[in-house]
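Here is what TrEMBL says about this protein:
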- A:Lys7, A:Tyr8, A:Gly9, A:Gly10, A:Thr173, A:Asp174, A:Arg184: ATP binding site (BINDING)
- A:Thr47, A:Glu74: substrate binding site (BINDING)
- A:343-412: domain 'ACT' (DOMAIN)
There are 2 protein chains.
Amino acid sequence: MSIIVQKYGGTSVGSVQRIEHVANRIIATAASGKKVVVVVSAMGKTTDELVGLASEITDEPRKREMDMLLATGEQVTIALLAMALHKRGQEATSLTGWQAGMITESHHGNARILEVERARMDELLDKVHVVIVAGFQGIDQQGEIMTLGRGGSDTSAVAIAAALKAERCEIYTDVTGVFTTDPRVVKQARKLQTISYDEMLEMANLGASVLHPRAVEFAKNYEIPLLVASSMVDEPGTMIEEEGTMEQNLLVRGIAFENDVTKVTVHGLPNEIHTLPTLFAHLSAAGINVDIIIQNQTDSGMAISFSITQSSLKETLARLEELKGELSFQGIDYEEELAKVSIVGSGMVSNPGVAAKMFEILAANDIAIKMVSTSEIKVSAVIDEELMVLAVEMLHEQFKLHEEEPAVAVKV
Amino acid sequence: MSIIVQKYGGTSVGSVQRIEHVANRIIATAASGKKVVVVVSAMGKTTDELVGLASEITDEPRKREMDMLLATGEQVTIALLAMALHKRGQEATSLTGWQAGMITESHHGNARILEVERARMDELLDKVHVVIVAGFQGIDQQGEIMTLGRGGSDTSAVAIAAALKAERCEIYTDVTGVFTTDPRVVKQARKLQTISYDEMLEMANLGASVLHPRAVEFAKNYEIPLLVASSMVDEPGTMIEEEGTMEQNLLVRGIAFENDVTKVTVHGLPNEIHTLPTLFAHLSAAGINVDIIIQNQTDSGMAISFSITQSSLKETLARLEELKGELSFQGIDYEEELAKVSIVGSGMVSNPGVAAKMFEILAANDIAIKMVSTSEIKVSAVIDEELMVLAVEMLHEQFKLHEEEPAVAVKV
């Protein structure tokens, strides 16, 4: 009897009515002859309410006590969901993170899962077939309650699926799947039937907020097929799994984009081996996240351009000034109101023409490229912010992302 | 460095403001050179809200899932109280029931504490001096979350005090102490400076709802002095401890009373050895709580009278009818709208005249006694309900309970 892990997010369990609806879905899965592990988040606004209580007391609660406080949110949901299943005649047992054996590192508010001690879940799955686990939480080896940080419940679900060698991990959320690009911006955006782990990772890292990258990485490492779907509507979601060979015909799978990008250029740097590490170690120590980096050698020394978010510009300029003595550069330029547009697709690794086609499409629409960055499955271009939506629409159309993907293109 | 255990009930921690107030009290205790273990209940209406959520789903939640749900209430309080202490510069660490080592029997909703594994608390008390423990909860040996049932947080506090050999256990509640009788009914009621465990047990069992009998029994068994006081006002409470020798001068320490008493009499029962056990085993199996029992032999067989609560009369009569074949009694009488008035005092064990004086006082006020029950430190009389308040007032006055007790009467 194979095991399905289902994760329902805060909106999916946001009220007693929604919990009852989720109970019905779980029963349908159990009735199809599967053992089911259900991972749930705190009900809708519960976490915000708990944070609100804490903030009435102090602006700087210790993370340990925040974990103690917030971990109650999921515990309420698991108990209520178990009750809803019992009322419908479905056996089920709820488990907190520590009861389910979710062992984490000792890092309050942002712990990673180290291990899932599966014995208790195994025993219960044999007996009652449905086990409900509080997501987003675990304990460290000292018995301290830890929360997992952002995307935590997704990671809980994938880690459990990996530990139990589940057939599949289903992530139910408030979107119906993974789209070729953000459907709120581009009307032609189409829901993908499938996407590979690597493509999903690029999409997630590039700002498509469907799934946390940590959960995707976990699923990739343990080869757990991930289904992303909505618990509200009854339509197929997107399956994230290892890509099939035929799929490489599809060069571009999705387009990600983000605004508020700023490009900073430092001119006339000394052409020495320590210049780059000195510069970026100093920015990193200040917590500044640098994205694309371009290095250029000229007669007057080295020029370095890099992109940051708009909000870190002031801090970046201040930190660079501190280096003026050590690196004796000539000057700093910066350009604001930029955006980054990225095409993602594992097919492009064997098709070097994809990047060229992207540049052509942008040029044909008078969109100037300020910076470029490429990886095996992604090309990113920094352009003017006001041209971002146009660029995404043109790329979406020219790479034919609105067209249905062939059903044969995917290993099932 | 000696240890004080303080317990704050739901009203005392009913809001963020009250939690801040409690934090100040704890700091004052710690500043006096004590280690402090603080046991807290869920905030004010939290438990009711959680019960409300469950009842939206089902009328018959399983007790295991109710425990899972309700245990979150205290966990919220301990985190918030820890934050309030940290804000004030007081080190403190919160612990759930299971983290604090509260090991219980496996009896959801009404578990008793089997053991307190003190190691974690000891370690923290050495380090931070203040430990906050979620009351009302623990885990059994299988790692299942249990709640302790009514009066649970009081029992948590006393059990911890016993395990840690604390100097004292302070129970902060919404009354200022233990009174000679209910001050809402009798204006002359006076707060007692001290009362013995046995007297408090009788008072609690007779309906004085200040402390749960289980907590008092625990304190008596481990000789933990218990202070009952209010967290809202700054006035001395009542100390419950082993009685001093001089105290026995005070014959009567308090008067308890309850209404809604019904007396049932079964006439013409067979004068056989199995009659009584058959009768009361049958009532007990139906969950009927019988209080006073009087047996009387007459020419026409045996008559048995007993008192029950008004609400169980219907069930009692139905159960008795079932026994008619087996016991072939002649008939059943019952008398409703009765009350039980009890005088309590450990002094009366060596003063047989106390019961006689109680009967005299009642007779002098034309109050007829329907049933009597005595123990070593208590005399109870069943009377007409409409005469209850008069009886309590007269007994209070005649036994001089309104007079100040001599301060020397108590071992300190």
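Cβ atoms are placed via backbone N, Cα and C, with glycine included.
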On a simple 10 Å Cβ count over all chains shown, which one of the binding-site residues A:Thr47, A:Thr173 is most densely packed?
A:Thr173
For the C-alpha pair, I'd like the distance in angstrom between A:Thr173 (ATP binding site) and A:Glu74 (substrate binding site), rounded off.
16
For A:Arg184 (ATP binding site), write down the residues of its own chain that are at least 6 apart in sequence and whose Cβ falls under 8 Å from its Cβ; none is a fine answer.
none
Summarise the domain 'ACT' (A:343-412) as counts of helix, strand and coil residues per DSSP.
34 helix, 14 strand, 22 coil
Listed binding-site residues A:Tyr8, A:Gly9, A:Gly10, filtered to Cα within 10 Å of A:Thr47 (substrate binding site):
A:Gly10
Using the alpha carbons only, what distance in Å do you get between A:Gly9 (ATP binding site) and A:Glu74 (substrate binding site) once rounded?
10
Let me check the 10 A CB neighbour count of A:Gly9 (ATP binding site). How many other CB atoms are there?
20
Taken over the domain 'ACT' (A:343-412), the model's mean pLDDT:
83
Calculate the distance in Å between the alpha carbons (Cα) of A:Tyr8 (ATP binding site) and A:Glu74 (substrate binding site), and round it to a whole number.
11
Fewest neighbouring Cβ atoms within 10 Å among the binding-site residues A:Glu74, A:Asp174 goes to A:Asp174
